[in-house]
Amino acid sequence: SRHRPDRPVRNWSFPEPRSACQTKYTAHRTDPAVTAAGNIGRSSIYYLHDDYLLIDYISQIRLHGWSEIEMSAVAADVVDRSPSSKSTKRKFLVGYLLFSIVALMAAWLTRNFDPLPTEIHPHTRTPAIPGNDTFSYNRRNTIIAVILLGAVGLTGTVFAVRELIRRKRLLPLMVSLSALMLIFPEVAVDVIGKVYYPTDDVDNIITIFGRQMGMFLFFAFFGYGVFNFLTFRMLERRPTTRMIWLLLLTAAAGAIVFEEVLQWAGGMYHYYADQPLRFLYLPQWWTPANTIGVAFLPAVIAYRFRERFRGWRALLMFLVTPCSMMSVYGAIALPSWVVINGRYPWVIDQLAGLLTIAFGIVLAVFIIRILLQRDPFDLTEPATLTDDPALDPCEITLRTTNRIRSGAPSSETSDDA
């Protein structure tokens, strides 16, 4: 380890804990720390040198001597397999099945609502790109949307700048502003997902893949940066797992309302081809891709590695955010992309959209499990100091031990951690 580089790599075995809990502990060497796996009810264990540190879920900290064990750094790897977790899995499965039934019924009832252009190009055998004759550019609606989105984005930027001034932290500002880089992967996504932006001779910021992008798209992602900033700040408060899922659902609902209003107004961008799960204006297969790829995953990565993204390294968010968006679309959107770029029966289109949503749920579970190190199905699991994956476990233990030895109250959670 970094504290004792002369320490040989070896396996460790732990004696029985001096308590009524009859739990055996084993450990294995990992890089850079030794990971101890154990379960003492609803608590997590850290070992450091000759100290035994127990941090439980109500932040009660007790320090006991444990001279038999001398270790350099150990990370907790406790997975709570509570009955509530198994129950939540069943509820998720039943909820998805019920949603699928309702979604298919709604898609069938609204299948003739505001039909989209579905003409197939004779050479490419894919849906032909509509022009301004089909979808006209509306300057008034575009300007109104730009003003509103600019105001939303500016609000988030102000809070991020305040964070920079008060706490000398650049990362929150970069989390917000890095959403502007999404304009580049958005073009690729729109080409495959069949989204058309009406062109205008004056309103033209950038042209990629032959697609002209105006100021609306620029300000749309400027406004989206608020979701990234709020998600990041929410994660810093170490919310419960239930709150994380509610955060995702709230972001998804906000994205649906946001896009439905823009599509209803018209004149800025339009979907075409056979889009799955289109009840009104927005095809719902886009919702998990946008929610996870644009707002959730970039904020989670920033939170997970915030100790690494200090100072100028926070600028890496300008690379992380667009890569997050493309990785999410690549992971879950392929079924919908296949049916959109062809001509398939109606039921196949809808099943592809439902499969994309299922992939989105699985991806969210993966992110919560791997990056946030939570049991995604244990909604009763509270957040503790030990749930913070951004800090080196040794750093957490050192800071907490020093706080205890300095006379701080045992129930106080380390502000640094």
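Any Cβ shown, glycine's included, is placed from N, Cα and C.
The transmembrane segment feature in TrEMBL is assigned to 92-109, 142-161, 173-193, 213-232, 244-265, 285-303, 315-340, 352-372.
Long-range Cβ contacts of the transmembrane segment (285-303) within its own chain (Cβ-Cβ under 8 Å, at least 6 residues beyond either end) map to 171, 174-175, 178-179, 182, 189, 193, 221, 224, 227-229, 231-232, 235-236, 247-248, 251-252, 255-256, 259, 275-277, 309, 317, 320-321, 324-329, 332-333, 336, 352-353, 356-357, 359-361, 363-364, 367, 371-372, 390. With a threshold of 8 Å between CB atoms, the same-chain residues lying at least 6 positions outside the transmembrane segment (352-372) that come near it are 92, 96, 99-100, 103-104, 235, 241, 244, 248, 276-277, 283-285, 287-289, 291-292, 296-297, 300-301, 303-304, 328, 331-336, 338-339, 344, 387, 389. The transmembrane segment (173-193) shares more Cβ pairs under 8 Å with 315-340 than with any other stretch in the list 213-232, 244-265, 315-340. Beyond the ends of the transmembrane segment (315-340), by six or more residues, the same chain brings 127, 171, 174-175, 177-179, 181-182, 184-186, 188-189, 192-194, 228, 273-276, 283, 285, 288-289, 292-294, 297-298, 301-302, 309, 348-349, 352-353, 355-356, 359-360, 363 to within a C-beta distance below 8 angstroms of the stretch.
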